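Participant: What Swiss-Prot lists as active site, proton donor/acceptor is HIS155, and the listing cites sequence analysis. If you look up Swiss-Prot, you'll see LYS159 marked as active site, proton donor. Look at Swiss-Prot and you will find GLY9, PRO10, ARG11, GLY12, ARG13, MET14, GLY99, THR100, THR101, ALA125, PRO126, ASN127, PHE128 tagged as NAD(+) binding site. Annotated NADP(+) binding site per Swiss-Prot: LYS37, in sequence order, evidence recorded as sequence analysis. What Swiss-Prot records for HIS156, GLY165, THR166 is (S)-2,3,4,5-tetrahydrodipicolinate binding site. Among the features that Swiss-Prot reports, compositional bias 'Basic and acidic residues' is placed at 178-190. The region 'Disordered' annotation in Swiss-Prot covers 178-200.
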Amino acid sequence: MAINIIVAGPRGRMGYEAVQMITKEDSFRLVACLDHKHDGLNLGELEQFSDDLQVPIYTDIDSCLKQHQADVFVDLTTPEVGYKHTKTALEYKVRPVVGTTGFTDEQLSELKELSKQQQRGCIIAPNFAIGAVLMMKFSKMAAKYFPNVEIIEKHHDQKLDAPSGTAKKTAELIQDVRESQKQGHPKEEETLPGARGADMDGMRIHSMRLPGLVAHQEVIFGGAGQTLTISHDSMNRASFMDGIRECVNQVMDLEELVYGLENLL
């Protein structure tokens, strides 16, 4: 039986790729889309999509969820609306799969509680690329032996949040095995504010935003006489589709919120 899916943000770069992937999967059925405009139109009426995509577009999430019996709500929007979408989907007992980052700890706690109350799975993944998830796992392994580490994340210049959710998640995983410590010279001084990057438990995180980039990260470890670099590069957004496909399938069997694709692999 096909899984009925709603996609929020279909005209974005990630959303467009997700629509293409979902409509090619025999076990998935795209029943509706949520967008901030084009209410009442079908996807096929928009220039970037195939004419035969007769999938209705809504601008109001309540109307969308009331009109369609969806199993999964895939949100690929922005932090400003992603939290509201996720919360509303759970209230309608629809399982969210969320690629939007930038949620606060308080928002995540609220969504975890709501997911349990509704007995509906929810997956929030800072990164859907399988390679990026492995990079985070390998970084956690390396941090046991190399506690001095800095993270450099590079993204396209339209990304709104910094540092990226992937960088923060990587740092959180490293925190699990690394004692808090200040890195660098104890008397170091920034002659330009922010030159040393963001400080997370003594680790430094540096964010780059440039046109031409998609999603890239290096985790650089330093030790006596050696360095170790673990890196991942997404060359295009097709790299995220295997992760989204996996999440859509697995969220159907969950009854609580899972944060991070690494917890499903």
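A Cβ is built for glycine as well, from the same backbone N, Cα and C atoms used for every other residue.
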Participant: Could you name the residues, excluding HIS156, GLY165, THR166, of the same chain that surround the (S)-2,3,4,5-tetrahydrodipicolinate site, i.e. Cβ within 8 Å of the Cβ centre of those residues, in sequence order?
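Facilitator: What remains near the Cβ centre is THR101, PRO126, ASN127, GLU153, HIS155, LYS159, ASP161, SER164, ALA167, ALA215.
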Participant: Let me spell it out: take the region 'Disordered' (178-200), skip the flanking residues so only those 6+ beyond its ends count, and list any with a Cβ under 8 Å from a Cβ in it.
Facilitator: 143-144, 147-150, 163, 168, 171, 206-207
Participant: Can you give me the Cα-Cα distance between GLY99 (NAD(+) binding site) and HIS156 ((S)-2,3,4,5-tetrahydrodipicolinate binding site) in Å, rounded to a whole number?
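Facilitator: Spelling it out, the Cα of GLY99 (NAD(+) binding site) and the Cα of HIS156 ((S)-2,3,4,5-tetrahydrodipicolinate binding site) are 16 Å apart.
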Participant: Give the helix, strand or coil assignment DSSP yields for LYS159 (active site, proton donor).
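Facilitator: Assignment for LYS159 (active site, proton donor) reads coil.
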Participant: Far apart in sequence but close in space: which same-chain residues, 6 or more away, have a Cβ under 8 Å from PRO126 (NAD(+) binding site)?
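Facilitator: Correct list: THR101, SER164, GLY165, THR166, LYS168, LYS169, GLY260.
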Participant: Just counting, how many other CB atoms are there within 10 A of the CB of ARG11 (NAD(+) binding site)?
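Facilitator: That number is 18.
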Participant: Mind telling me which of the recorded positions LYS37, HIS155, HIS156, LYS159 has the densest Cβ neighbourhood, counting other Cβ atoms within 10 Å?
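Facilitator: Per the Cβ count, the most surrounded site is HIS155.
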